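According to TrEMBL, the features are:
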DOMAIN    6-128  domain 'EamA'
TRANSMEM  30-50  transmembrane segment
TRANSMEM  59-80  transmembrane segment
TRANSMEM  113-133  transmembrane segment
DOMAIN    144-277  domain 'EamA'
TRANSMEM  145-169  transmembrane segment
TRANSMEM  175-192  transmembrane segment
TRANSMEM  208-231  transmembrane segment
TRANSMEM  237-256  transmembrane segment
TRANSMEM  263-279  transmembrane segment
Amino acid sequence: MSLAVIGLVLAAALLHASWNALLKSSADRLASLSLMTIGAGVAAIPLVIWRPLPQAESWFYIILSGILHTGYNLFLIRAYKIGDFGQSYPIARGSSPLLVALGAALFAGEQPGLYTVLGIALVSAGIVSLANLRSMGKRENLSGPAAAFATGAFIAAYTVTDGIGALLAGDSISYAGWLFVLDSIPLALMYWRRHGRSPVALNERETWIGLAGGMMSLLAYGIVIWAVTLAPMGMVSALRETSVLFALLIGALFLGERLTLRRVLSCLVIAAGAVVLGMRH
């Protein structure tokens with residue numbers, strides 16, 4: 001993986017942590033995530049107009065990815081509703097890289113090398129260690145962590161799907177554009193059915209925050225889709241999980257969260273894994 005690709009994926013990680021923080025701090029997460037998907041869909045319209053259509057064989061993956069993204073969105077809302085950010089985010093992000101590598105090996109024929117396996121293991125171990133496992137063990141109701149694990153499974157599923165689909169599309173940017181346009185529909189329809197109106201209210205500050213978050217999401221995931229056409233899926237997915245580093249800083253600076261020694265050490269493990277992933281395998 002080249003330094004340029006590593007830098008862009010790290011930028012995507014920062015964008016991802018930022019829009020997740022916006023979602024977590026929202027009072028109505030269905031409305032916020034609906035607005036984010038709408039914002040991403042609107043921002044993606046120029047891509048579907050000016051880029052060539054994806055190849056026919058990639059449309060199955062675009063539709064499948066749209067379904068998987070909807071499942072991911074719903075479980076993410078649930079995880080943030082019943083769990084805290086410091087637990088749900090690391091579990092969701094940490095559970096996906098190994099699943100992605102496994103899926104890539106099973107369905108895309110990738111053969112991960114030693115450095116890839118070691119890097120994925122380090123990043124995954126570091127992120128999972130950030131979860132509040134002691135608190136989780138004290139809770140009688142494990143629905144929060146379960147929702148976070150389910151979120152991670154959807155992340156793994158759509159990452160593998162998009163890795164295959166972007167390669168078949170012939171144009172990864174066009175693939176990302178169509179994906180985000182289609183992804184903007186399901187949550188908006190759910191919100192309309194529940195509240196009888198659109199989530200978009202141009203005179204409300206929350207609307208503009210949500211739309212901005214959606215554009216951040218589009219840019220972040222567009223970078224990742226492009227990156228998986230140049231590097232193995234497991235490497236891209238694991239490096240992207242350094243978003244937890246940025247999430248910790250955002251949490252400390254804007255959400256009033258503390259950085260404990262355990263969290264700092266976990267961040268060092270994640271950084272070590274990111275360095276290993278940049279090595280040749």
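Heads up, the Cβ atoms here are built off N, Cα and C, so glycines get one too.
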*To what whole number does the mean pLDDT across the domain 'EamA' (6-128) round?*
87
_Residues of the domain 'EamA' (144-277) by DSSP state, where helix covers H, G and I_ = 108 helix, 0 strand, 26 coil
_Secondary structure tally of the domain 'EamA' (6-128) (DSSP, helix then strand then coil)_ = 105 helix, 0 strand, 18 coil
